[in-house]
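Here the structure comes first, spelled out in structure tokens, and everything after it is commentary.
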């Protein structure tokens, strides 16, 4: 009886999953890992530097820089949930991940992505208030409000992503345990099930469109209002600087959202998309933004740039 119970439990939920890596590119895994590892190191150094400078300089404890701290923290966690395991797959051929380890990785990937999306929205709102309502900036975005916004970003991610775990737990897998991916994510796991995954598909699309999609709409609205205010500036030089800054921000936001939505919709509708293209893009939206954000939001900011230069000059 005990043996039969163990067998049935294993058939319902496998004890382990096998992550294949990038389908069709297994022979190039060793070389493909080099650019991924390089970008991971850049993300760690860049975001770590931003955090160190802002946390050690009390003059930078202002709303814009506190939001930048939140962004750097989410970037560090986002890329660290997938890259270490991916590198062990590519270099050490360690393809096995436990069932609960896979669900844990899935939970953190989607939670941190949703949190970072909310942080980007908060930063867009911060820029809107600073440019369009400068006289009310400090009263609207005080320390208490920033703390509440940060907490709301995290709680929102937890609340919307936790049902993914419940939806996966209810599925039988009938011995299927090979995931053609470099990390565990909701639909990649659900597709292995030998039962209807319609609730998974519907809820996943609902979250993508209503939560992340709404973030995109509100971010676009904020930058639209900012650009309208910038066009009213009398100085052409001020307009150019504002446009260049907003343009860089918008480019990074597009790099974050476009591959993410491509990955989401490819799972549901993109049956003609080559698997290796899908998997590579699914990795890029978790890795490229953490590399670019310190450059665009950090080094592109005069106060942080001066402190970085001052740090290196002082070390000589």
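In case you wondered, yes, glycine gets a Cβ from its N, Cα and C as well.
According to TrEMBL, the features are:
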type	residues	note
TRANSMEM	30-53	transmembrane segment
DOMAIN	46-297	domain 'G-protein coupled receptors family 1 profile'
TRANSMEM	65-83	transmembrane segment
TRANSMEM	103-125	transmembrane segment
TRANSMEM	145-168	transmembrane segment
TRANSMEM	202-230	transmembrane segment
TRANSMEM	242-265	transmembrane segment
TRANSMEM	277-299	transmembrane segment
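By the Cβ criterion (distance under 8 Å, sequence gap of 6 or more), the transmembrane segment (145-168) is counted as touching the transmembrane segment (65-83), at least 3 such pairs being found. Model confidence over the domain 'G-protein coupled receptors family 1 profile' (46-297) stands at 90, taken as the mean pLDDT rounded to a whole number.
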